[in-house]
Amino acid sequence: MNGDGKKNATSEAQFVLLGFSDWPQLELVLFVVILMFYLMTLTGNLFIIILSYLDSHLHTPMYFFLSNLSFLDLCYTTSSIPQLLVNLWGPGKTISYTGCMIQLYFVLALGSTECVLLMVMSYDRYAAVCRPLHYTVLMHPRFCHLLAVACWVSGFTNSALHSFFTFLVPLCGHRQVDHFFCEVPALLRLSCVDTRANELTLMVTSSIFVLTPLILILSSYGAIARAVLRMQSTTGLQKVFGTCGAHLMVVSLFFIPAMCIYLQPPSGKSQDQGKFIALFYTVVTPSLNPLIYTLRNKDVRGAVKRLVGELEQGWNMA
């Protein structure tokens, strides 16, 4: 009896992340592809952070927020991808109760923070294009730091609310999470009680953190588009389209999948479809962000040339 009690206690302290176990033939392929994207994410985002720190020409509000986005993407992918790789590689697909709780908190916190940060980045572009004479006043370094802190605090506060209410919900006998990481909708499906209040709270806060930033981002770019149409300089037009086009692409890659997951009723989508959508915005999008922002970016190319030149000069002197 003591052995059974111990076994039950152990099983209750763990969740099973089913992930892609319905497609065992795909698991090895997924492992290789996801590992490649994860390494791209680490390399690309670390490159942006280090380059922005080392090159004084990139000490601007745009690259300050871009460095925050890169650090955020590093943390966001690391909160779920290593666990997914372990589960895809081996037969065991368990995660401890504490590990699940921590993962849920950080995935939701970092996702919420990214929504707000992308909104702040769009305001920075609006100020640069539409209020160029007042830009240095509007985007003062102290104000930029306050905006960044506000992004992180709001995201982590929102996650604390959802994590607290999610883990108060009593769960049924089995602990099989039909997803590849611990997320709120998947855990609510394990509940033995009515979770409509939790689902409504999730829908409301998701609307605040997804729809509100998206509306403000589109408003900013509407104003930018009007300002661009009045521009006479071809060089100015190209620069605006380069930076703003990259940001809009990142916004689309992040917000469209997020809306598909969090702004639909639980019965409105296939769980398998939800896994692949989540796989896209947790694995693919963070790896593409550095490429989108750095390709055809003259500032970054110039910073790389300066850094390479300094390294060569250092080697020659040595």
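Using N, Cα and C of the backbone, Cβ positions are placed for all residues, glycine too.
All annotation found in TrEMBL is predicted automatically rather than curated by experts.
Annotation comment: TrEMBL describes 44-293 as domain 'G-protein coupled receptors family 1 profile'. Summarised as a single figure, the pLDDT of the domain 'G-protein coupled receptors family 1 profile' (44-293) averages 86.
Annotation comment: TrEMBL describes 28-51 (among others) as transmembrane segment.
For 63-82 (among others), the entry in TrEMBL reads transmembrane segment.
Annotated transmembrane segment per TrEMBL: 102-123 (among others), in sequence order. Beyond its flanks by at least six residues, the transmembrane segment (102-123) meets 62, 65-66, 68-69, 72-73, 75-76, 79-80, 83, 95, 147-148, 150-152, 154-156, 158-160, 162-163, 166-167, 181-184, 187, 209-210, 212-213, 216-217, 220-221, 247, 250-251, 254-255, 258, 282 of its own chain at Cβ-Cβ distances under 8 Å.
What TrEMBL records for 143-161 (among others) is transmembrane segment.
Annotation comment: TrEMBL describes 208-229 (among others) as transmembrane segment.
Positions annotated as transmembrane segment by TrEMBL: 241-264 (among others).
Look at TrEMBL and you will find 276-295 (among others) tagged as transmembrane segment.
Of the candidate ranges 63-82, 143-161, 208-229, 276-295, 276-295 has the most C-beta pairs within less than 8 angstroms of the transmembrane segment (28-51).
Proximity of the transmembrane segment (276-295) to the transmembrane segment (143-161) is not established, fewer than 3 Cβ-Cβ distances being under 8 Å for residue pairs spaced 6 or more apart. Sequence-distant neighbours of the transmembrane segment (208-229) (same chain, 6+ residues past either end, Cβ-Cβ under 8 Å): 112, 115-116, 118-119, 122-123, 125-126, 129-130, 154-155, 158, 237, 240-241, 244, 248, 251, 255, 258-259, 262-263. Sequence-distant contacts of the transmembrane segment (63-82) (same chain, six or more residues past either end, CB-CB distance under 8 Å): 34, 38, 41-42, 44-46, 48-49, 52-53, 103, 106-107, 110-111, 113-114, 117-118, 120-121, 124, 141, 144, 147-148, 151, 180-181, 250, 282-283, 286-287, 289-290, 293, 299.
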